[in-house]
Amino acid sequence: MLTKFETKSNRVKGLSFHSKRPWILASLHSGVIQLWDYRMGTLIDRFDEHDGPVRGVHFHKSQPLFVSGGDDYKIKVWNYKMHRCLFTLLGHLDYIRTVQFHHEYPWIVSASDDQTIRIWNWQSRTCISVLTGHNHYVMCATFHPKEDLVVSASLDQTVRVWDIGALRKKTVSPADDILRLSQMNTDLFGGVDAIVKYVLEGHDRGVNWAAFHPTLPLIVSGADDRQVKLWRMNDTKAWEVDTLRGHMNNVSCVMFHAKQDIIVSNSEDKSIRVWDVTRRTGIQTFRREHDRFWILASHPEMNLLAAGHDSGMIVFKLERERPAFAVSGDSLFYAKDRFLRYYEFSNQRDTQVIQIRRPGSTSLNQSPRTLSYSPTENAVLICSDVDGGSYELYCIPKDSISRGDSVHDARRGIGGSAVFVARNRFAVLDKSSNQVLVKNLNNEVVKKSLLPIAADAIFYAGTGNLLCRAEDRVVIFDLQQRMVLGDLQTPFIKYVVWSNDMESVALLSKHAIIIASKKLVHQCTLHETIRVKSGAWDDNGVFIYTTLNHIKYCLPNGDGGIIRTLDVPIYITKVSGNTIFCLDRDGKNRAIVVDATEYIFKLSLFRKRYDHVMSMIKSSQLCGQAVIAYLQQKGFPEVALHFVKDERTRFNLALESGNIQIAVASATAIDEKDHWYRLGVEALRQGNAGIVEYAYQKTKNFERLSFLYLVTGNMEKLSKMLKIAEVKNDVMGQFHNALYLGNVRERVKILENVGHLPLAYITAKVHGLQEEAERLAAELGDNLPSLPEGKVPSLLMPPTPVMCGGDWPLLRVMKGIFDGGLDNIGRGTADEEYEAADGDWGEELDMVDADDLQNGDVTAILEDGEGGEENEEEGGWDLEDLELPPEADTPRASVNARSSVFVAPTPGMPVSQIWTQRSSLAAEHAAAGNFETAMRLLNRQLGIKNFAPLKSMFLDLQAGSHTYLRAFSSTPVITLAVERGWSESASPNVRRPPALVFNFSQLEEKLKAGYKATTAGKFTEGLRLFISILHTIPLVVVDSRREVDEVKELVIIVKEYVLGLQMELKRREIKDNPVRQQELAAYFTHCNLQLPHLRLALLNAMSVCFKAKNLATAANFARRLLETNPTNENQARTARQVLQAAERNMTDASQLDYDFRNPFVICGATYVPIYRGQKDVSCPYCSSRFVPSQEGQLCTVCDLAVVGADASGLLCSPSQIR
């Protein structure tokens, strides 16, 4: 049984598959109807209008309808698209057991506990026939799939077959007026629309279910007498054929399988049974632990079944439908029915080779699972699940491929899986001993090899190599050298597909595809929500695979996409060009032609084959938002530009690729304020002052213009801005510009004009403008403001710009292939825009660029009127002086003549961001300054909630992984990252992880210091050291797996000391409770300490108990002390004296909560023993144990984590992360 989907819910009483979509309806005992997508495993909808259990439910074959019947005597017809009940059919007087739509007419048949069966017309919403005759509850009623018959089962121990031919005739040709009267009579007194054809008697108890065979004149029924009966019928009579016995309780449902000659039944004995119709014997039984089965349903088109039980339902298949196949060069060998077949891809010829399976096998799942082929020896290995896993070896004579009817004897053997590993050698997995037997073609063992992992399957991995699969990993094993060549952790792998050159392998699991190299070095992983079915490599190294409903591709860099949708699942055998060869579930070969343009385009981009990309763009086989988005995401906005006609999108892409010229052209075309503003921002980023100025002028953004002139040191333009502000009567603008210019007289004038005379006076007075000051003083008279005493005024001058005039220097980069080659396609390029713009803009700009000026000193062009003259005064580049040949006036020539252009370098990613992106180690996040994610990681990995003790360490980590440089006095300090393991030879583009201030060797030093303090009896000092180790460990990073184990071991060692010392310090605080003092001293001896410290603890406990007259307990400590062979003679002598004293009087004066014979751990908070078998909770970080009442509290040992919290475990090394 292959379970495809399972739900947990209330008891399921009714089930129905949708004929086209992957949906199933489940009606529950609670009154809810659930609609599930069994392919995705999601609940799509729920309908809960019924009052009480819903026992029957059924999808309509073609309309978006389903019908349900419940214990509220109601039949409801629902429209699932509208998510509502359309109408309710009333008429039954008791619980409704089953409902079903007719496959052709607008009828519903329903069976009820009121002992009747009713047929309803759901279009006219009326009951058109009542079938009476049963004299107990009718448990089920169903239409025949083709004929005018209904079968019903009842607790009156009979199965009845009803003929509804008359009803059909009445529906097809409605009665004339004359017949209306007789029809009224029949309606009143029960008509003859439906008559009982047969009554089948034979069951000893009530019958729960009866069903027709889809094609043959057979009926199957199941009853409370625990039997399944098979009945045959002809035109005149029906009779019992056989009885199938085996169920141990009432049979609740039974049906014929649509595709195979089998009966499936389920029962309240918690089992589903499968029976052979021809042999009438049981083939298979599937049991559940606790759930009785109530209902079965089969898919109308596919090989799926569903069963409802007490706590949900399962959707399952009885057999795998995947044909076993092996591809060799241009040919394909595959198993179909009982034959091995041969298919040639080149001419698509399909021939039968040999007969393989013994016909009429009794059990399911006996068909071949895998097939392996050796082309040189023309031998085929076929593996199946027969006898718990076995193989058959066929050597095919060369002439046999064309004949195909001969029966060949096979060499057989038992083994989990078998594959060819060389020309005439094959390997067989022996699961019981976990070894591989290498055999020759005579089926004789040549060699045995023990496998490195507990493998449950083996696959071919190149000559002499095997790929072994375990539950959570795969390894490649060399049979000759008996060594592991590669190892990779993966989900459970189902299929393995090697590329044609054997350099790459695709590992297919249920929901993921892992691409790896031939040595199992991981390259990428793709996750799917829907089950992955098959795959093959194409000639370009792209992996093409299928899910249940798509053909998809996966590029070497992990990018994927959909090639096309599928109606039915297929199994890819080979990809050749744009043809995909595949097998379907019926074992038929199909060739599907697909459009490979999209993934070839993406592959060419990935492999930097820009000539291919160019030709594909030129022939414009691609377009669409997805491609543009992909190019943007992959950092090729300049390529995306050539797909786009829409000016707004062009503008965005031009800004992203730093192409100011196209951006200017698009902004001119769009001419909106927002776009000019964004152009200004980008031009400013590139330091192209001319275009910034132009953009600000277009948006009349005078404040920004003034500031731009200030930072570029353009004083003449600033004084012009002052005049403009004056004309516009913009007082603030005037004042600002005067401030920027350092023009004091102007500021005094402005303040005076707006009536701020005191301010004007102060400004004039402070700056030493005596005449103005006196004039203003006269005007102010008595209201003269006083200046502060003893202050020396200084002139507020505008700062000097770092760079005066011109544009910023940019890096010189070579023109990319796309810039030159793509300029002339797709649309009138930017240069035409310039010509059309009718201004001096474009031409001047291009020309200046051609002469290698930084960005073109565009100020000249932007000024109106006298701008040009000013520019000459500044000594700008005079184009006339160059005496250029006339062609140079056309911008087209100048653009294409350029061999290199200035392109703004793309901003890099901050190192701190690189560190956090690549790492799951909290210490590295803290070093990058990303404290929030560091805390989140520690919380997830170790359950830490109290971060107060870690605050200073976080700050140390961040400070320690950066160094700081001062550049100019006017610029901010530059931060530089300090990287771990940096060397001169390292590539400058590869960022290494951050240098960390805490390391493992420091902790070892601290541990030694802690030991020393403990030996000297400085417990407070020792405790401080040990706790500081516990606080540092989460922020330590080590390199190897061995060191990871050492770190984890250190946590355990330190935790024991912290707990012990806490108890000892607590004991010393207690003065008035001798019993508690003894208990704490005794518990201290059960901490896992170093031997010298253990001896001291034992000596301490012994003397405390001896003084308190607990001689028996003291003797126990003395005995334990002597067992450690103390090197200090004083200790040994004291212990022996205590033993002698105790032997005279083996008693305890007071009862202690301490039983040394019963193993225990100590609670870290309450310091009481937790004996073996008692419940406890532990700290997810330091693993200290606590009594259950402490759950959710802060751990008292490490003072960081929450007791009993969920956590994934300590992560302190990159080697732990795959």
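Start at 1 and count along the chain as shown; that gives each residue its number.
Just so it is clear, glycine is given a Cβ too, placed from its N, Cα and C backbone atoms.
Automatic, uncurated: that is what TrEMBL annotation is.
Taken from TrEMBL, the feature domain 'COPA/B second beta-propeller' applies to 340-584. According to TrEMBL, the feature domain 'COPA/B TPR' maps to 612-767. The domain 'Coatomer alpha subunit C-terminal' annotation in TrEMBL covers 815-1218. Taken from TrEMBL, the feature repeat 'WD' covers 47-88, 89-130, 131-164, 200-241, 244-285.
In the repeat 'WD' (47-88), helix, strand and coil residues by DSSP number 0 helix, 23 strand, 19 coil. Look at the repeat 'WD' (244-285): DSSP puts its residues at 0 helix, 25 strand, 17 coil.
Mean pLDDT for the repeat 'WD' (131-164) in the predicted structure: 94. As a summary of secondary structure, the repeat 'WD' (200-241) carries 0 helix, 25 strand, 17 coil according to DSSP. Within the repeat 'WD' (89-130), the DSSP-based counts of helix, strand and coil residues read 0 helix, 24 strand, 18 coil.
When DSSP labels each residue, the repeat 'WD' (131-164) comes out as 0 helix, 20 strand, 14 coil, counted as helix, strand and coil in that order.
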